[in-house]
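J.: Sharing the feature lines straight out of Swiss-Prot:
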- Lys13, Tyr159, Leu160, Glu161, Tyr162, Ser163, Gly164, Gly189, Gly209, Asn210: sn-glycerol 1-phosphate binding site (BINDING)
- Asp15, Thr41: Mg(2+) binding site (BINDING)
Amino acid sequence: MLLPYNEWRHVFKLDPAKEIEEAALQAIATSGTDAIIVGGTDDITLDATLDLLMRLRRYPVAVALEVSELEAATMGFDAYLTPSVLNSGTLEHVIDKQVEALEEVGHMLAHQDLVGEGYIVLNADAKVARVTQAKLLNDDQVVAYAQLADSVFRMPIIYLEYSGMYGDPSLVASVKRVLKQGRLFYGGGIDSIERAQEMLTHADTIVVGNIIYDNLEAALATVAATR
């Protein structure tokens, strides 16, 4: 049985713009992870997204699409995650791109599991920070953004995105304490079971991505943190 997003504890994230061999893909899909998110920051095409989806459909694992590029939106996923970068310096990445996408493909997704993500980007050196012109935040501001996303906007997912850098566990814990209904996702720098375990003591869900392409065995080891 495929788990819904609000029961995920461990998730792998695959970038359609990056190559992954079939043996590695099989290892990821059969690792015991709760789900696989398909998404990336740039060079995301429909062909690459469809190819990755078709390859993943051979395995009994939930597959979600992060709808960050209109061109890559397609049917066939178990869930559709719609990211709004709350600390973006431009409305384009808070609401404009999302509205544009739903204008074009919203009719196709009307009966699908469409889930909003309130992204807070916390690594100023990451590509996603540059693309979205993310504003630098202090700890109090991070907590306030998360509380706004949770209690006012009622977003089902609040996502702390460190994108390649390991974040501050105490800040993740502070964010978790103010959430009333949203699920806290954490992504960034999880490259060992120890880091996975540490972040899972605070976040509801950890997202493991970059390490897949650098050290597959280390990535696979993180799944055991949920046991």
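Keep in mind that glycine also has a Cβ here, set from the backbone N, Cα and C atoms.
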J.: So how far apart do the sn-glycerol 1-phosphate binders Lys13, Tyr159, Leu160, Glu161, Tyr162, Ser163, Gly164, Gly189, Gly209, Asn210 get, largest Cα to Cα in Å?
T.: 16
J.: Below 8 Å Cβ to Cβ and six or more residues apart, same chain only. Which residues does that give for Tyr162 (sn-glycerol 1-phosphate binding site)?
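T.: Set apart from Tyr162 (sn-glycerol 1-phosphate binding site) by at least 6 residues yet with Cβ under 8 Å, we have Leu122, Asn123, Ala126, Tyr186, Gly187, Gly188, Gly189.
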J.: Identify, among the binding-site residues Gly164, Gly209, the residue whose Cβ has the fewest other Cβ atoms within 10 Å in this structure.
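T.: Per-residue Cβ counts within 10 Å for the binding-site residues Gly164, Gly209 bottom out at Gly164.
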J.: What is the nearest of the binding-site residues Leu160, Gly164, Gly209 to Asp15 (Mg(2+) binding site), using the Cα of each?
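T.: So, spelling it out, the nearest of the binding-site residues is Gly209.
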J.: State the three-class DSSP label for Gly164 (sn-glycerol 1-phosphate binding site), counting H, G and I as helix, E and B as strand, and everything else as coil.
T.: coil
J.: Once near-sequence residues are set aside, which residues in the chain of Lys13 (sn-glycerol 1-phosphate binding site), 6 or more away, have Cβ atoms under 8 Å from its Cβ?
T.: Ile36, Ile37, Val38, Gly39, Glu66, Gly187, Val207, Val208, Gly209, Ile212
J.: Rounded to the nearest angstrom, how far is the Cα of Leu160 (sn-glycerol 1-phosphate binding site) from the Cα of Thr41 (Mg(2+) binding site)?
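T.: Between the Cα atoms of Thr41 (Mg(2+) binding site) and Leu160 (sn-glycerol 1-phosphate binding site), the distance comes to 16 Å.
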J.: Would you count the other CB atoms within 10 A of the CB of Leu160 (sn-glycerol 1-phosphate binding site), including those on all shown protein chains?
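T.: By my count, 27.
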J.: State which of the following binding-site residues has the fewest other Cβ atoms within 10 Å around its Cβ: Asp15, Thr41.
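T.: Across Asp15, Thr41, these binding-site residues, the one with fewest Cβ atoms within 10 Å is Thr41.
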